[in-house]
């Protein structure tokens, strides 16, 4: 039904309007995405440091510096090249599968040998309060967070109505099964108390089971966390771009490099915010704050599906889930958000709520009322801008904004050879009196031959429209 990129953002926009969507992009920009990035990089640094500080915890300053270095490296890689980021993701995903297989197979062998004593009275000493259960869910579900990442790049998927459900049906049960088996493997050699006290559970497991080859575990776990952090960074720019397209974010954060085709400003911004979050260095606190904010919007998004089932009955639904599923998930989300506040209230949750609501100030100032001076700050550009929508074969693959020095319209062929595109660049210094909206048109190379040399752009009532014609002259049309 909704094939736009941006994760929960387009669902909230469609179901509830711009205010909840803006608050989601605001919270994701400053809390959810950077916090996730920081948590994963802190986990990476702890696993890297563990072999060098056997028997004791590594110094916090070492952990934080290594995490900052990881953020810098991943940010640089994803800012330089989409292809390099994809290559890093593929390599480290393979490393993740290797370490998962090693731990699961080792655990199953130990179970077959009768190592089941840690499963006896396994709930002894645990707390059964509502708040404790909800916080336990926060930590448990954190491991599975990422199930919604494909929705951040829906526009870049080929045949999303087929491939998105297929990825969900195959990927989520597979990951769930692997993670459950990994935890079962941990319990074959560690008690619940030892699990809680260990700074790097997989390293402790490797020391007890795989010695003298236990060094393999922290190495591959570090690879795994780098892959997870890279995936988080890879999808981060899509939300900012979609929000910027709706006028909900600073334009500079939606810029994409023409030469490298990467959302470098958004990625760098995420890296800076994530680096700030590693200063406290408490992973458990970061997980709790992340989960509180994330599940607040997960629940609101799922509730939006229920609302649209009644308010937008005329929309085509190629994928339709039974109504009881979103209702159940909404109730679970309400429990996860309210339970820790009611049972074990803390000032941090209040700060998180106040920060989310503070986004309303910026929404009404920059988006709703559109004060002239505020819009000048929001859309300030020094030279010119151009919005490029790349249409490759049968699917929209990317959209980006960039600056250049001229005001011209150019047909060109992308370096991959599969598409042609038209770019209109308007420079404010040219004295153009038209509205500041910029239009760019793209056509599949297979549909339009080289005879198509130009296009004519019409601005009517501040709303751009267009028609195509075969120009016999040069492929560049200047204004």
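Note: Cβ is positioned from N, Cα and C throughout, glycine not excepted.
Here TrEMBL flags 21-45, 61-82, 94-113, 164-182, 215-241, 261-280, 292-311, 323-342, 348-367 as transmembrane segment.
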For the transmembrane segment (292-311) and the transmembrane segment (323-342), does the number of C-beta pairs under 8 Å, pairs 6 or more apart in sequence, reach 3 or more? yes
Does the transmembrane segment (348-367) reach the transmembrane segment (164-182), going by 3 or more CB pairs under 8 Å (6 or more apart in sequence)? no
Mind pulling out the one from 21-45, 61-82, 164-182, 323-342 with the most Cβ pairs under 8 angstroms to the transmembrane segment (261-280)? 61-82
Could you pull out which residues elsewhere in the chain have a CB under 8 Å from any CB of the transmembrane segment (323-342), counting only those six or more residues past its ends? 130-131, 133-135, 137-138, 141, 288, 291-292, 295-296, 298-300, 302-303, 305-306, 309, 349
Beyond a gap of at least 6 residues from its ends, the CB atoms lying under 8 Å from the transmembrane segment (215-241) belong to 5-7, 9, 25, 28-29, 33, 36-37, 40-41, 43-44, 47-48, 50-51, 70-71, 74-75, 77-78, 85-86, 88-89, 91-93, 95-96, 98-100, 102-103, 146, 149, 152-153, 200, 202-203, 205-206, 249, 253-254, 256, 262-263, 266-267, 269-271, 399-400
Residues of the parent chain within Cβ reach of the transmembrane segment (164-182), under 8 Å, 6 or more residues beyond its termini: 100, 103-104, 107-108, 143-144, 147, 150-151, 154, 157, 319
